[in-house]
C-alpha cells in the first residue's frame, strides 16, 4: 500500500517522482518508513509544538501497536484452539487477523522509527519488504472481507446450493488464493521502491520511484478500483440481500406463529391446511437452538416415527416469558453475526478511505495535496490507517458472545487454578453419612431394579 507518499522531500525539481515538495527554507520534521517526509517552514511551528506533536504521535503509535499485536494474537490463538469456533466464517476471520498482525509487526515499527530518527537506516531490502508486506496485508484484508460477505450470502440466501461447497477445505483454498492473488498484485511495489537521499546530507528516505507520472496515476486509480470501490459495491449488495432475507425469514416465522395461535383457538375450521411457504432460499433448521455462528440452515430430512417421538419428548419447551422458537433463535443469531460483520466492514473502509483518497489526490495534484494535508492531517490519516489493525479484536470482544467465552476458556486453560485439597477426616471422626438425595436415589434404583411386586 502506498502509505503516506504525500509529503516527500527529494532532491531534484520538476513534477517527476523525485520532485521536491518542500518550499525554500523548509525544515525536515519527520520521515516515514514508507518513504514520507513532512516539510514545513520553521517559522510556523515552535519547538514546543513539535515536541508535543511528537509525544502524541509516539503515544498513539505505541497504543495502536500493542492493541494490534495483542488483540490479533489472541484471535489467532482462540480461533485455533477452540473447536466450537472452527467454522467457515471464522476461517476467513482468522486470515484477516493474520493480515492485521502482519501490518502491525512488519510495517508500524519501520514507520515510527524513521519519524523519530529523521532518516531511514534499515537499508534497501527492508524498504522493499515493508512496502510489499504493507500492500499484501491491505489486499488480503479487503479480499477476506469480500469472501466473508459472499460466504454469508450463500449460506443465508442460497443454503441448498451452498451446502455443496461450504466446507473448511474450500475455505482454505479460497484463503490461499487470496494471499497468492495479493502477493502477485503487489509485485510493483518492491520493483519500484528504493532508498534515496533526502533533503539533508545524510538523511535517507524510502520512496516509490515510478517510471512516469502517468504510471503512478494509473496505479493509484487501479488500487482505488480493485481494493476499494469494487469490493465496497460487492459487500453492499451482498449484505443488502442478506438483510432482506433475514427480514423475510422473521416475517415468515411471525406469520407461522400467528396462524398456529389462531388454529389452536379454533379460528380455522376444516382441518389444518398447509402453512405459509418459507421465503425464497430459506429452509427450516433441523432442530435445536442455533449457535451464534450458524453457517446457514440445513435441509430437514424426513424422520422415522421413533425419532419423532424422541424429539417430542426431548424438545425444549418455551419458558414462561415466551422465549423464541428454534427457527427464530437461529435467525436472530444470524442477524447478530451479520451485524458484527457489517461493523467490521464499515470500520475497515472508514480507516482506509482517507488514505486512498489522499494517494489518489497526490497522484494527480501533488503540490495541492501537500499544501492541504501537511502536518496534523497527514499524521491523522497515517494513524487511522494503522488503527484498522486493532479494531477487529475490539469488535469481537464486544459483539461476539462465543468469542468472549472462548477467550475465558483459553485463559483458564493457559493459567489453570490449583485444585483445592479436600480436608482429610480426623481419626476419631465418623465417616460421612449419605445425604437424603443419595438415599432417595438408592431407593429409586432398588425399586426400579426389583420392579412391581
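Backbone N, Cα and C define each Cβ position, glycine as well.
Note that the coordinates shown come from a computational prediction; the quantities given were computed from them, not determined experimentally.
If you compare 7, 280 in Swiss-Prot, the N-linked glycosylation site annotation sits on 7. Judged by membrane topology as recorded in Swiss-Prot, residue 121 shares a side of the membrane with residue 207. Across the topological domain 'Cytoplasmic' (151-170), the DSSP tally of helix, strand and coil residues reads 17 helix, 0 strand, 3 coil. Counting residues 6+ beyond its ends, the transmembrane segment (171-189) has Cβ neighbours under 8 Å at 2, 88, 91-92, 95, 128, 131-132, 134-136, 139-140, 143-144, 147, 151, 208, 219, 226 in the same chain.
Note: the stretches the transmembrane segment (58-79) and the transmembrane segment (380-400) are in contact (3+ CB pairs below 8 A, sequence gap of 6 or more).
Here the topological domain 'Cytoplasmic' (80-87) returns a mean pLDDT of 84 for the predicted model.
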